[in-house]
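Reading through the structure tokens given below for one structure.
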Amino acid sequence: MRCGKMAAPPPPPPPAGAAGAWGGVRRRCQRLLYWVPVLFISSILCWSYYAYVTQLCLLTMTNIGEKVVCLVAYHIFFMLFVWSYWKTIFTLPMNPSKEFHLSYSDKESLEREPRGESQQEVLRRAAKDLPIYTRTMSGAIRYCDRCHLVKPDRCHHCSVCDKCILKMDHHCPWVNNCVGFSNYKFFLLFLAYSLLYCLFIAATDLQYFIKFWTNGLPDTQAKFHIMFLFFAAAMFSVSLSSLFGYHCWLVSKNKSTLEVFRAPIFRHRTDKNGFSLGFSKNLRQVFGDEKKYWLLPVFSSLGDGCSFPTCLVNQDPEQASTPGGLNSTSKNESHLFPAKPLRDSQSHLLTDTPSWSETSAKAEKGKVGMSNPALTMENET
């Protein structure tokens, strides 16, 4: 009888504690790396402060009046820039409220039932009384299987933060934060004040930058700070102006960056301008009703981030209530109102009907009697 060699036993698997510890270290390293762009911007900002205040204003400028005006104006722009940038970074993104989370029994039903009509019924029942009007591409209730919640309108799951963000616009590495409902106004003001900051530096530094090339300045260390300060300010002004202009357009159309790439899908059709209520009301949704707060990085946006007024959602025959006591079931009504009640802070935007787009009623003509698409659960980020 031949005896073969015994196979070497496989190496024992690493203990679960070691794998968990290694995963924790990796996550901490990733979190530290996420702060690198913020540290880069902060270092540029600190250097620009030194170069402008010390090297340009205090050591190079000879006119006392010019020096005082430039220092005062510079510190105003600097303060507003830093304030809005700080608020954008450290304002926590808002997550859906508890009413959008599935109950324990619904979670069990969803896990127990096979994919099909039974799961559709669970999601339909959970979303029945929620103010949601958008669907997935297949007509399903928008559900996040990682957060176990029915997604509110304009809410998306961020893969970096690993949570659902209300009215998510994008995840910005330059602020190491998700830009969404809670800090979109701060992000917009950050772009505005950083652009003004760079333009002011470039404008006041220009004459000294020219003197640098014409040998009109003494050969000191300030010459190089003045030259690089102008180049940096001009370069950032170009990039910031395009980004700020783009987000101004988004605000005027009441869109997010994600909605530009994938238009929201309502119960009956897709419409890229479904949340637009006109320029004035779109502006008020982000900046609020009180104009004294518009230019300050303090939260003044309307609503709670979970529900938004829209003129493109047909009246649900099972829901008789309409915001503001308006009756949208009349055949002569030229504008359609949301099927489910909005939050009080959003409903008043719907009362001024003349500002609504007249084309919305025409686009919905002939769709009366259409049944809602069959609901199928679909994972969507």
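Please read every residue number as a count from 1 along the shown chain.
Yeah, the Cβs are placed from backbone N, Cα and C, and that goes for glycine too.
TrEMBL annotations:
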- 319-331: compositional bias 'Polar residues' (COMPBIAS)
- 347-360: compositional bias 'Polar residues' (COMPBIAS)
- 141-260: domain 'Palmitoyltransferase DHHC' (DOMAIN)
- 319-381: region 'Disordered' (REGION)
- 32-52: transmembrane segment (TRANSMEM)
- 64-86: transmembrane segment (TRANSMEM)
- 186-204: transmembrane segment (TRANSMEM)
- 224-246: transmembrane segment (TRANSMEM)
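Here the transmembrane segment (64-86) has Cβ contacts under 8 Å with residues 41, 45, 49, 52-53, 56-58, 175, 186, 189-190, 192-194, 196-197, 200-201, 204, 297 of the same chain, all six or more residues outside its ends. With helix defined as DSSP H, G or I and strand as E or B, the domain 'Palmitoyltransferase DHHC' (141-260) counts 67 helix, 17 strand, 36 coil. Non-local neighbours of the transmembrane segment (32-52) in the same chain are 74, 78, 81-82, 85, 89, 160, 173-176, 201, 205, 225-226, 228-229, 232-233; each lies 6+ residues outside the stretch with a CB under 8 Å from one of its CB atoms.
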